[in-house]
Amino acid sequence: MEQQNKRGLKRKALLGGVLGLGGLAMAGCEVAPPGGVLGDFLRMGWPDGITPEAVAMGNFWSWVWVAAWIIGIIMWGLFLTAIFAWGAKRAEKRGEGEFPKQLQYNVPLELVLTIVPIIIVMVLFFFTVQTQDKVTALDKNPEVTVDVTAYQWNWKFGYSEIDGSLAPGGQDYQGSDPERQAAAEASKKDPSGDNPIHGNSKSDVSYLEFNRIETLGTTDEIPVMVLPVNTPIEFNLASADVAHSFWVPEFLFKRDAYAHPEANKSQRVFQIEEITEEGAFVGRCAEMCGTYHAMMNFELRVVDRDSFAEYISFRDSNPDATNAQALEHIGQAPYATSTSPFVSDRTATRDGENTQSNA
C-alpha cells in the first residue's frame, strides 16, 4: 500500500509538471489567445496591439497567464488537499495519529519537485528571449525613418529617409537639413567656454537630427506624427535635455530617449514591421521628466500609403505650410483627435477647465 501511495504521488507531481510545461509551451506560440471576455481577462488591461511585434508580446503575455493559472490551480489544489485531507481533525476521525504521514527522504519526489520548477523557468526564459528578440530586431528594412526628439515637455518629429515608393518623384528621399545639421555639429566645441572638459560645449546638440520636414509640438498644439499603414518603419530617438521615453500604448513597447545616446551607450533605434491599422493613437512620455511630464503627449496618425505619399509631397513642395495644413490637404483632421493640449496658465485653470481645443 505504501509503495502504491508513493507511485500515486509521483504520478500527480509528474502530471503537474507536464501541465505546467504545456501551459508555458503555449506561451511561446504565435497562436492568438482566446477572444471575448476570457481574452480580455487574460490581457489584464493590455490594449490590442497594432504591430506584429505588439501582437507577439500580447500573445506571450496572455499565454503566460494561462500557464500561471494552470500552475496556480494545481499548487492551490495540492495545498488545500493537504489542509483538508491530512488535517488533524480528519486524522482524529480516522483514528490516526496527531501527525500526518511524513514524506521526507522521498528522493524521486524531491527530484521531481526540484527539476520541474527549474524546467518551467528555463522554458519561460526561452520564450521571453524569443519574443524580445523579435521586438528589438533591427532587420525590418524600413521604408520610412523618423527622427524623434524629446524635450521638456514636447516632441519634434522629422523624416530623415523615405523609400522612393512613398517619396516625391519616386526617388529615395533624404530629409536631413545640411545647414542646420552643420550648425549643430559646430555647437560641439567651445574652447572659449567655461566648460573644463576638453572644450566641449554645454550646448552641444551635435547628436540631434535636423530635417527639412519636421513637426514641432507647442503649448497650444499637440504634435501629430503621420505614418503609413502596412510599412516597415524605423524610429531614431534622442533627448534634447533630460531622460524621456517614447511610448505608444498600442505598440505595447516603449524606448527611452537620452541626450548623447551613443556616449551613454544606449540604443536609440527601434523598428516595427508595420502598423496594421489606420487611425489616431495617443502617444506619451513614459519617463518622469519634470513638472509637465503628464502633459507631454503626441498623436500617431496612421494613414494609407497613397495619402502618406501625398502628405510628404505637399510638405516638401510647401516648406512654409503647417502640419495641420498638410493633414487637411489629404483629408485628415488637422489637429490631434486622441488628446488635447494642457493649459499651463494657472489663472486659466481656476475653474477646473485645464484643456483647450485646437479648433
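Each Cβ is built from the backbone N, Cα and C atoms, and glycine gets one as well.
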**Request:** Look at the Cu cation A1 binding annotation in Swiss-Prot, where His244, Cys285, Cys289 are given, and name the residue from Met225, Met296 listed for that site too.
**Result:** Met296
**Complete:** Cβ density check for Cys285 (Cu cation A1 binding site), other Cβ within 10 Å (all protein chains) comes to 27
**Request:** Pop the Cα-Cα gap between His244 (Cu cation A1 binding site) and Glu287 (Cu cation A2 binding site) into the table, whole Å please.
**Result:** 5
**Item:** Nearest-integer angstrom distance between the alpha carbons (Cα) of His244 (Cu cation A1 binding site) and His293 (Cu cation A2 binding site)
**Value:** 9
**Request:** Give the helix, strand or coil assignment DSSP yields for His293 (Cu cation A2 binding site).
**Result:** helix
**Message:** Please list, in sequence order, the residues in the chain of Cys289 (Cu cation A1 binding site) that are at least six apart in sequence and whose C-beta is under 8 Å away from its C-beta.
**Reply:** Ala150, Gln152, Trp153, Val242, Ala243, His244, Met296
**Item:** Proximal but sequence-remote residues of the same chain as His293 (Cu cation A2 binding site) (Cβ under 8 Å, at least 6 apart)
**Value:** Trp153, Cys285, Glu287
**Per DSSP, three-state class assigned to Glu287 (Cu cation A2 binding site)** = coil
